[in-house]
């Protein structure tokens, strides 16, 4: 399996619950390295641009409102099969359908406030990482 990078966002609901460290620990215990990270308060423009592919969906306005309701932690994770591994750790989008022990099963309350975001493909990972980080902000982890 190839070493990949993926974007992960700890959403406002999880930040407010003060579980950032617990979520990051799960990534690291699963063999993923954090190679870039920052806490940001997204503007409506930034959140809308990030989720532009959903612009015509009925939930778009609520999604943007939620993502701007408090700070988020945005990070780049790196590791073998990072995209699939991160999605497995997150669990199903709807926390009621998420496997026990996944991030969403443990920390999310609804399909709307579901604790985390993760890239779903190599193409989306590349696009999403570039949306939040300059190449110089992503640090190779060689030790």
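Glycine is no exception: its Cβ is also placed from the backbone N, Cα and C atoms.
Straight from Swiss-Prot, the features:
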BINDING   11, 59, 87, 93, 104, 114  ATP binding site
ACT_SITE  117  active site, pros-phosphohistidine intermediate
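Feature annotations (Swiss-Prot) mapped to structure.
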| residue | record | CB count, 10 Å |
| --- | --- | --- |
| 11 | ATP binding site | 22 |
| 59 | ATP binding site | 12 |
| 87 | ATP binding site | 18 |
| 93 | ATP binding site | 14 |
| 104 | ATP binding site | 24 |
| 114 | ATP binding site | 23 |
| 117 | active site, pros-phosphohistidine intermediate | 20 |
| note | Per DSSP (three-state), residue 117 (active site, pros-phosphohistidine intermediate) is strand
| said: Check the DSSP secondary structure of residue 87 (ATP binding site), expressed as helix, strand or coil. | reply: helix
| task | In whole Å, note down how far the CA of the residue listed as 'active site, pros-phosphohistidine intermediate' lies from the CA of residue 11 (ATP binding site). | result | 7
| remark: Rounded to a whole number of Å, the separation of the Cα atoms of residue 93 (ATP binding site) and residue 117 (active site, pros-phosphohistidine intermediate) comes to 9
| Max Cα distance spanning 11, 59, 87, 93, 104, 114 (ATP binders), Å? | 21
| field | the residue listed as 'active site, pros-phosphohistidine intermediate' versus residue 59 (ATP binding site) - Cα distance in angstrom | value | 16
| request: Give the distance between the Cα atoms of residue 104 (ATP binding site) and the residue listed as 'active site, pros-phosphohistidine intermediate', rounded to the nearest whole Å. | output: 10
